[in-house]
Each structure stands twice: as C-alpha cells, then as structure tokens.
Amino acid sequence: MIVNKKYFLLICIIILISINCLVLAKDEIENFLKEGDDLVSKGKYDLANENYSNAIDLIGSDTQHPQYVSLLFKRAGIYHQKGKNILALSDLNRAIEANPDNIHARLKRAKIQSSLGRFEEAMDEYKRVLKIRPDNSQAKQQIEKLKKVEQQLEKVRDMVKVEKNYKDSIAILLDIQSVVSDLKEVRLMLCECFFQQGDHRKVLDETMTILKSEPSSVAALYWRGKTFFSMGEKEIAMKFLKEGLKFDPDNTNCRAMIKTINKFEKSTANAQELFNQQKYQDALGQIEDALEIEPNSPTHSTPLYLLKCKCLLKVKKGKESIEACNRALELDELNADALYNRAEAYMYEEDYQKALNDYNKAREHKPNDPQIHDGIRRAQKAQQMAKRKDYYKILGIQKSATPEEIKKAFKKLAIKNHPDKSTETDKEKAQQIYMDINEAYEALKDEEKRKRYDMGEDINDPHGGQGGQGGGFGGFGGFHGFQGFQGFQQGGGGGGFQFHFR
C-alpha cells in the first residue's frame, strides 16, 4: 500500500513537471513569436528568422499547435524575401499539409512556384484556392496574368535569341517581371538586353539579385564578368569568370569570355604598336579584330575608334576617318581628342567650317590646350585661303608643276580663251577668263610670288603679308607621340597642310 502511494506521488510529480514544462514552452514559443514579429517590423529578417525557427523547433511534431502554421508561413515569407524559394516552399508545404484550407499559404506557394517558372503547378494551386474560396479575386487575376506571361515568354525568347531585338524585349521582360519578380530566366534575358544596350549598371543589379539567392549561378557570374570587362575592370571580370568555372569547369561561356579578353588585349596592343611603326593598314586590321569583340564599350571602344580615325587619315581616307571619329563621339560625346581628330579629318576633306566647329567644341573641354588653339588658327587660315583665286586650278595644273609646265599651260589656255575668238554676247565673260589666266600666270611664273602664294599669302592684297604661319601650319607632335603627316594637297591652291594627332 505504501509502495502504491509512492508510485502515485511520483506520477503526480511527473505530471506537474510536464504541465509546468508545457506552460514554460508555450510562454517561450509566444516570446519567440513576438520577438520575431518585432524584428520583422524593424527589417531585421535574419534575426527574426532565428526566433521563428526556435519557436518551430520547440513545437516539434505537434502540427496541431495553434502557432505551427503561422510560424511556418512567416518563416517562408522571410525565405522568399531572401530569394531562398526552395526553403520557402518546404515551409509552405508543411503549413498546407497541417491546414489544407489555409488560403494565404496556398497563394504564397503559387506565387513562389510562378517565380520558379513552374507555371502549371502555380495555375493548379490558384485553382485549388478557387475551390476553397470561389470568390477569391487574387487567384482569378493571377490565373489570367500567368496565361499572359506564358505567351509573353514564348514571344520574348524568340525576340532575344533569334531576332536580337534587345530594345523592344526589355519592356516585355519588365512586364513579365511585374508578375513573376524572381523568375531567373527573365533576369538573365534582361542581363543580355541591358548589356547589348550598354546599360551596365542594370546588368550588375540583375546579376546581384540572382547571386544573392543562388551564389553558384554560373550564368549570372558570366554576365557579371562580361559586364565588368566592358566597364574596363579586367581583374574583377576575370575573378567572376574564374569563379563561374569553379562551379562548372566545362562552362563554354566563361571559358570563351576569358579567351576573348586575352585576344582583345593582344589585338589592342598590336594595333598601337603597328601604328607607332607607321604600319597603318596592319594596325587597322588589328583594330577591327578588337572592335569585333567590343564595339560599343565607352571604355574600350572609344580609344579604338580614335586610333582607327588616325590610321584612316594616314592612308588618306578622310571620309572614313570622320566616320570612325563619329563612333568615338557616340560613345563619349565630350571626348576632346575625338573632336580634335575629327576636325583634322575635316581639314583633309577641305570642310573648314566643320573643322572649325569641332576645334571650338574641343576648346570648350580643354580651353588651355595649345594644339586645339593652333587647329582653330589653321582652320581660319584655310578658310581665308579657300576664298582666294585658285591659280593652279585656273591653269589646270598640279601644285608640283614645273616652270615649263606652267608656261605651256598658259600659252595653250591663252590661245584657246582669247577674247577675240568669242562672240559679242560672251565677250565680257571671255575677257574675265582671259584676265584670270594672265593673273594666274603672272603669280606662278615668278618664283618669289609663287612661294608667297603657296604659303597662303594673298599676293594681290596690299595689306596681306604673312599673316601668321601661312600654309605650313606648324609641326608639333600629337598625343601619344603621333606626328603630323605632310603633303596632302588642298585643291590646286592649298599649301601642303600638316595634320596633327592627339
């Protein structure tokens, strides 16, 4: 009898201890829940997640606990906010298993399934919601939106991968993203479109978002590396590309990009060296190889187009030189060197007003640059020279004509255009032509006058004089040691202009 009393007392003590533990556990769960909610309101999600997890651990396998579903739902929300969608789905699956009629958990699960590209599963989930709550407007709206997203995705994949229509694709992708914000495929297509449009900052933003939730995303690491290289950050680019190869050693994109970077650097260095060696055609070949890799990078492409401009002018291709400078200025409209060298190309093409305009624009960015000031002076002088009578053109001879060739040309033209051979109606015009022929001959037959004329002096202007440096226009070297080149004739009467590079 005494033994039975002892057992009874022991059982009572155990029951009391258990009740006390349950009360303590309940209080602790409530405290973890309350503290977790407070931390969420302060934006401290990691700490909140710890509190929710502690509460869930205390509940254990008691799926009927009144806070069980709520805690799982809240922790799933944090996982989703952190981009940890698989963990979020795991918690939501447990919550729905405990309470199949929980609409909020089902809507959240459908949203995450959509973000993972599991559209069919998401549609089924929304349909289950409608079976529970036929009037649920959110489920109805999302079903229609997902149908549209599926159509848009099919269309935009073709636009990006086949048509290469990056500009128009961006609007569609952003529209899709407004419905399924975390869909990785959409973010990666946006990376490609933003990169091709030159919006490097947005590429970095998209890749950062992907890597926060999936640090091993090789595709995101590839686009991040490719973008940093285009921004001129080679070392950072190589770091991300090599990191991608750690996760996938056989990844063709990362391997190809590393090879491309090395090829680009080699072509760029070769182009510069060949230019310095005055091997301009060979330099142009290397420039084209480099531009094929990086045609639109403000950092890499601008100096290449500038070097191309100089090479083309060296081989007397003025119009193509202007086009190359135009491309440099499209990438960097404030580039004073590009403006200066385009002005030099305009000088070669005898478009002195455009040359003067570019020199003046360059001066706005570099007001104290002596080369730019000299360019302005040369363009103004060339404009003055262009207004003079072109004696060489009048006689139909080259600037290099000998005295004998000058005399021969004069005699031939004088006989052909003598006023006595003209009719009365054309006599006045014929006399003017004859006078011009005589004036040209008088200027060019005299060695001293011819020299003064070739130097840019108006020999018929009694107040003319030298007026500065004349047509020789200096001879200083340009940027990176590039020297001006000589002897390009500016029409019949131009004086052997020198062009200067920066």
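Including glycine, each Cβ sits where the backbone N, Cα and C put it.
Bear in mind that the values here come from a model prediction, so they are computed numbers and not experimental data.
What Swiss-Prot says about this protein:
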SIGNAL    1-25  signal peptide
REPEAT    29-62  repeat 'TPR 1'
CARBOHYD  Asn51  N-linked glycosylation site
REPEAT    69-102  repeat 'TPR 2'
REPEAT    103-136  repeat 'TPR 3'
REPEAT    184-217  repeat 'TPR 4'
REPEAT    218-251  repeat 'TPR 5'
REPEAT    264-297  repeat 'TPR 6'
REPEAT    302-335  repeat 'TPR 7'
DISULFID  Cys309-Cys325  disulfide bond
REPEAT    336-369  repeat 'TPR 8'
DOMAIN    390-457  domain 'J'
Residues of the same chain, at least six outside the repeat 'TPR 5' (218-251), with any C-beta under 8 angstroms of its C-beta? 187-188, 191-192, 195, 200, 203-204, 206-208, 210-211, 257-258, 261, 265, 294, 297, 299-300
Same-chain residues at least 6 beyond the ends of the repeat 'TPR 2' (69-102) whose Cβ lies under 8 Å from its Cβ atoms: 33, 36-37, 40, 45, 48-49, 52-53, 55-56, 59, 63, 108-109, 111-113, 115-116, 132, 182, 209, 212-214
For Cys309 (disulfide bond) and Asn51 (N-linked glycosylation site), what Cα-Cα distance in Å is obtained after rounding to a whole number? 65
From the DSSP assignment alone, can you count helix, strand and coil residues within the repeat 'TPR 2' (69-102)? 27 helix, 0 strand, 7 coil
Looking at the repeat 'TPR 5' (218-251) alone, can you tell me the average pLDDT? 97
Listed in sequence order, residues with CB under 8 A of Cys325 (disulfide bond) and six or more positions away: Tyr305, Leu306, Cys309, Ala338, Leu339, Asn341, Arg342, Ala345
Near Asn51 (N-linked glycosylation site), which residues of its own chain have a C-beta under 8 A away, given they sit six or more steps off in sequence? Phe32, Leu33, Glu35, Gly36, Leu39
In terms of DSSP three-state secondary structure, what is the assignment for Cys325 (disulfide bond)? helix
The repeat 'TPR 7' (302-335): DSSP-derived helix, strand, coil residue counts: 27 helix, 0 strand, 7 coil
Using a 10 Å radius around its CB, how many other CB atoms surround Cys309 (disulfide bond)? 27
Secondary structure composition of the repeat 'TPR 5' (218-251) [DSSP: H/G/I, E/B, coil]: 27 helix, 0 strand, 7 coil
